[in-house]
Amino acid sequence: MGIKGLNALINEHSPKAFRNGEMKTFFGRKVAIDASMCLYQFLIAVRQQDGQQLANEEGETTSHLMGFFYRTIRMVGYGIKPCYVFDGKPPVLKGGELEKRLKRREEAEKQRLDMKETGTLADIAKFERRTVRVTREQNDQAKKLLELMGIPYVDAPCEAEAQCAELAKGGKVYAAASEDMDTLCYETPYLLRHMTTAEARKLPVTEIDYAKVMEGLEMELPQFIDLCILLGCDYCETIKGVGPVTAFKLIKEHGSIEKVVEAIENNPKSKQKIPENWPYNEARELFLHPEVIPASECELEWKEPDEEALVDYMVRQHGFSEQRIRDGASKLRKSLKTGTQGRLDKFFVVKKRPAEEKKGKNTKEEKPKKKRK
């Protein structure tokens, strides 16, 4: 879910941290992508005209496979080398948030069934999107597809966005790509948003520079993490009555959650309520010391797609068009070869042009000589 209100807060205090650009501007970059986020995104967005998910003749959902296949080809076509990272086991602290999500899905499912009786197709589709959940089988199917496409993936021991950030910090990739703003809490040098959004939506890829975020907020990592916990994260609830503006003000004034709590408890006029048995310190530790595979132990290799195996998997097993799968495999193969070209900024240091020498007041410009007739 990310951090509530963080994007707007950074935009206000660190506007220079944002850079919007077309996908092609990341030519030659390796990017670690939150695959678990992609799975939800594809299952929600990749639909038929009637709003139903794509499915094969057996009724098995294939929206996620189509999403991974074509969005990956699109990125590689722009010279980007994607590496996908899948979620592992969720932290114990996240149990409360996951339970809330389950209840929301159950409520949406009830509303969806009611809508089938009285609602329009648009109404039914809206509630169907809210009931989406990713199964273990869909995870495994996506991994199998990526393997056949020659695209590397990593199974994170815990949170996918933390592992993406670790790969970026360790120099294995340029940036972490996720819609979750809490990826910044794991110190990714760069966070890319809208990387896997449908091309039809025409959303620019947003690059967020971690160093510039810290510079604009005038914070170090511990204060930033405490700010994010106050704003609201997946690991614990926050202080009632504290919104983004107040949270920022409190951290700037007191420097840590401990001192914020102390100030609130010592102020009899305060209307803010500290949650009972608030595990903010445990949440902080999850951000400061996430469970990840060290980047040095991750070997990422991009290979040629196995076209025949892809056809067998996508066409014979999942009902896709053979011609489209072969065309996609061909495009992927050509793009991977093109993508081996490096970025020019890896080889050259761009220097500013020297300023033109200022002409002194007493210096006379030489006039062009007149031609003799």
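Numbering starts at 1 and runs along the chain as displayed.
Backbone N, Cα and C define each Cβ position, glycine as well.
Listed features, source Swiss-Prot:
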type	residues	note
REGION	1-105	region 'N-domain'
BINDING	Asp34, Asp87, Glu159, Glu161	Mg(2+) 1 binding site
BINDING	Arg47, Arg71, Glu159, Gly232, Asp234	DNA binding site
REGION	123-254	region 'I-domain'
BINDING	Asp180, Asp182, Asp234	Mg(2+) 2 binding site
REGION	340-348	region 'Interaction with PCNA'
REGION	347-373	region 'Disordered'
Next item on the list: Using a 10 angstroms cut-off on Cβ to Cβ distances, just flag whichever of Glu159, Glu161, Asp234 is the loneliest among these binding-site residues.
Entry: Asp234
Check: Tell me which residues of the chain lie with their Cβ under 8 angstroms from that of Asp182 (Mg(2+) 2 binding site), as long as they are six or more apart in sequence?
Finding: Gly2, Ile3, Leu6, Glu161, Cys228, Cys233, Asp234, Phe287
Margin query: Which one is it, among the binding-site residues Asp34, Asp87, Glu159, Asp180, that lies nearest to Arg71 (DNA binding site) by Cα separation?
Written below: Asp34
Notebook entry, point to check: At the level of the C-alpha atoms, what whole-angstrom distance separates Asp34 (Mg(2+) 1 binding site) and Gly232 (DNA binding site)?
Noted result: 21
Check: Do any residues at least six apart in sequence from Asp87 (Mg(2+) 1 binding site), in the same chain, have a Cβ closer than 8 Å to its Cβ, and if so which, in order?
Finding: Ala35, Ser36, Ala156, Cys158, Glu159, Ala160
Notebook entry, point to check: Rounded to the nearest angstrom, how far is the Cα of Asp180 (Mg(2+) 2 binding site) from the Cα of Gly232 (DNA binding site)?
Noted result: 13
Notebook entry, point to check: What number of additional C-beta atoms lies within 10 angstroms of the C-beta atom of Asp180 (Mg(2+) 2 binding site)?
Noted result: 22
